[in-house]
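Taking it in order: structure first as structure tokens, then the write-up.
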Amino acid sequence: MGWKTLDDMDLKDKRVLVRVDINVPVDHGKVTDATRIERIVPTVTDILAAGGKPILLAHFGRPKGKVVPEMSLRVVLPALREALGRKVTFVETLEALERGTEEQKAAEVLLLENMRFHPGEETNDAALARRLAGLADIYCNDAFSAAHRAHASTEGVAHHLPSCAGRLMQAELEALDAALGQPKRPLVAVVGGAKVSTKLELLGNLVEKVDHLIIGGGMANTFLAARGIDVGKSLCEHEMTEMAVQIRLKALDLGCSLVLPSDVVVAREFKANAPHETVPATQCPADAMILDAGPESVARIEEIFAEAGTLVWNGPLGAFELEPFDAATRAAARAAALLTKSGSLVSVAGGGDTVAALNTAGAAEDFTYISTAGGAFLEWMEGKTLPGVAALEG
């Protein structure tokens, strides 16, 4: 890994520009989930402990280069102060920050207003990147979830200052390297969710790297249909079946076993507790839809997990938001959690739906690493270079 961490930097009396992701959900002016704020605490605390002066940069919502008062970062201040257990000074403009950084006191944390109020942020404007660099002595990127964007505060500024990864970025990169960079084999990937079309590049990259590729959710229906199986009224991208065939042939060629459900749970209505039955995957009634993988499929998945060294998981195995069609996702998640707890499996999961599903199953805390990054996690799984990470590597 070519990037530095906070441990490689001399932070004493240095102003440290810290790019964080505190783009949290807010309702009626109150933060409803402070997870992203809580996850930046170790970075800020370590900078302060080493005698550094943190200046936090972040975005909030999508104001598109204009000042939109309801997208002000001021709304996160109470939650940020509570998480850090100290005063945080809000700075409304870059000009005010340029005038005031000299007066930043030791142990004082500054938060700059929403970076996306600047038209140059999302275009990675070189002049804005240089202005940001002029505010500090060191740049620290702790926003892995924004690392797939080449913006002034995530990529541009790193070219003008000594740069390093924050604690959250470091943890994320180390976990991802353990999962796909240098994995303990066999390496297993679970890819679920509704559509093949949104995860084409992901599937194409994974078949080249993993030993077993388990496909679930609506995507599995498209792969079943590609084998000439009638999936009834199930969610299915019939226009993607040729692509599914190509992925299956590529897997076959590379010795990657592609695992589809052998039995499925079907219902006539898409609603919680709808009357349902379990049938072989080849026998979905014409008027029914597949909403989950069946117990035989889950048993096969659990067998694969038991033999695995590393698991990478993105997307649920069924319509997990509706009971009882969350059963396969829950059972598989718990099996992975138990194996991780026993020390036989390295498990990494990411993506919004995935994290929600693992939390619902009560399995998230036993996974080796849960990525909150969403788009960046997916692009990394697709084998893409993330601009924010590449910039740290110089």
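Glycine is no exception: its Cβ is also placed from the backbone N, Cα and C atoms.
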Given that TrEMBL records Asp21, Ile22, Asn23, His59, Phe60, Gly61, Arg62, Arg116, Arg149 as binding substrate, the matching residue among Arg15, Arg36, Arg74 is Arg36
For the ATP site that TrEMBL describes with Glu321, Gly351, Gly352, Asp353, Thr354, which of these is also annotated: Lys199, Lys209, Lys233, Lys250? Lys199
Taking every pair from Asp21, Ile22, Asn23, Arg36, His59, Phe60, Gly61, Arg62, Arg116, Arg149, which the record gives as binding substrate, the longest CA to CA distance in angstrom is 18
Measuring Cα to Cα, how many Å separate Arg149 ((2R)-3-phosphoglycerate binding site) from His59 (substrate binding site)? 12
List the binding-site residues among Arg36, Glu321, Asp353, Thr354 whose C-alpha is within 10 Å of the C-alpha of Asn23 (substrate binding site), in sequence order, or say none. Arg36
Within 10 Å of the Cβ of Asp21 (substrate binding site), how many other Cβ atoms are there? 24
Pairwise CA distance, Arg36 ((2R)-3-phosphoglycerate binding site) versus Asp21 (substrate binding site), rounded so that it is a whole Å: 7
